[in-house]
């Protein structure tokens, strides 16, 4: 659902555009903080309840830390109680890449930025009735741009 705060036209303007942003680790080490490199490039996870965007309630768009591609809208953010920012959907399906993740003895679906392959978090099928999905995203993998 798109409210008046973020118009459908505005979301259409930030639709995924193919970018050649698959850069070597050396590039990312120089341009990211140590924590952002660990999470975004090495598929790490920030500690639960530690992210600066967890309790953000401002209106705007959430962009990829690595390439600034728009990924999520505040309209789709909700408090899942899991300790990480949660969304019921991305701004559109093309901005997210889905990968099977069998690490840590679990079966999960990893989510990555489709433009630069940055690790964002995971998606689970225990979300709200709107979509049934919970996109559980590390705060450090996102930059928030207030409307």
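Backbone N, Cα and C define each Cβ position, glycine as well.
For 25-147, the entry in Swiss-Prot reads domain 'MsrB', with the evidence type sequence analysis.
Annotated Zn(2+) binding site per Swiss-Prot: 64, 67, 113, 116, in sequence order, evidence recorded as sequence analysis. Within 10 Å of the C-beta of residue 113 (Zn(2+) binding site) there are 27 other C-beta atoms, taking all protein chains into account. In this structure, residue 113 (Zn(2+) binding site) is part of a beta strand by DSSP.
Look at Swiss-Prot and you will find 136 tagged as active site, nucleophile, backed by sequence analysis. The Cβ of residue 136 (active site, nucleophile) lies under 8 Å from the Cβ of 80, 82, 84, 85, 86, 121, 122, 123, 124, each of these being in the same chain and 6 or more residues away along the sequence.
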*Coarse DSSP state, helix versus strand versus coil, of residue 136 (active site, nucleophile)*: strand
_As a quick check of your reading of DSSP, tell me how many residues in the domain 'MsrB' (25-147) are helical, how many are strand and how many are coil._
28 helix, 40 strand, 55 coil
*Pick out which of the binding-site residues 64, 67, 116 has the most other Cβ atoms within 10 Å of its own Cβ.*
64
